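Down below is the structure, laid out as structure tokens.
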Amino acid sequence: MAGILAWFWNERFWLPHNVTWADLQSTEEAAFPQAEDLYLAFPLAFCIFMIRLLFERFIAKPCALGLKVQANGPQKAQPNAILEKVFTAITKHPDEKRLEGLSKQLDWDVRSIQRWFRQRRNQEKPSTLTKFCESMWRFTFYLYIFTYGVRFLKKTPWLWNTRQCWNGYPYQPLMPDLHYYYIVELSFYWSLMFSQFIDIKRKDFGIMFTHHIVTVSLITFSYVTNLARVGTLTLCLHDAADVVLEAAKMANYCKCQKLSDLLFLTFAIVFIVSRLGIYPLW
């Protein structure tokens, strides 16, 4: 195991020429990012998840009900032990042959069985109320962390001149605000990864789980190798579009169609400008 770790953290791959991990150890004169700092993200991720539960229960839900967001979920399928067994153990989308067999077994017509399976599939979808609460939580977090990022970055030289991201690298001292920014962002994405197994499963579960793994990996490795300056720019740039996207979802759940359309248009513009324009070119 030690050999694998030594191979993985080979200094020739991660660090500039003639720089070792020992050179980046914190001293009394200057602090540098340490891998051990990231352990703090795990208890903080748990705290963020608990805050989310309280927020959705005592803030988001009352707001949703006040905005007349639909509280009930999709219509539930009538209980049927045979169909339930097929649905959970065999298939959620029975083919024509299986439908005919179930029709004979239950003395139901095929259309009724198809309707049952459709209702049963929809039954697992989250209600509009649940989706609104989740979007409101994400909107609130993204708005907070984006605002914090902008306030922090406008005081840094590398926001105005990106060459400062590389001047003196990797001997760039760690600023307390930068450390906080990174740890909170990392903790949030850890909490999203964990909560996926508790939340209602969605069709994009695998895609989003992969997305969270990639995001956590990028934040982790950029911190450990002290690429945090350019990392803060990347985080702030990506959060900008997420704020508008979650706001657009909330407007859609509230059936404010004109506002929703305007916000989705704004999201498209912000996404194109920030992630397809500024990010790759600047």
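Each residue, glycine too, has its Cβ placed from N, Cα and C.
Per TrEMBL, the stretch carrying the note transmembrane segment among 5-24, 205-224 is 205-224.
Residues 14, 33-35, 37-38, 182, 185-186, 189-190, 192-193, 196, 230-231, 235 of the same chain sit 6 or more residues outside the transmembrane segment (205-224) yet have a Cβ under 8 Å from a Cβ within it. For the DNA-binding region (85-128), residue counts in helix, strand and coil come to 31 helix, 0 strand, 13 coil, using DSSP.
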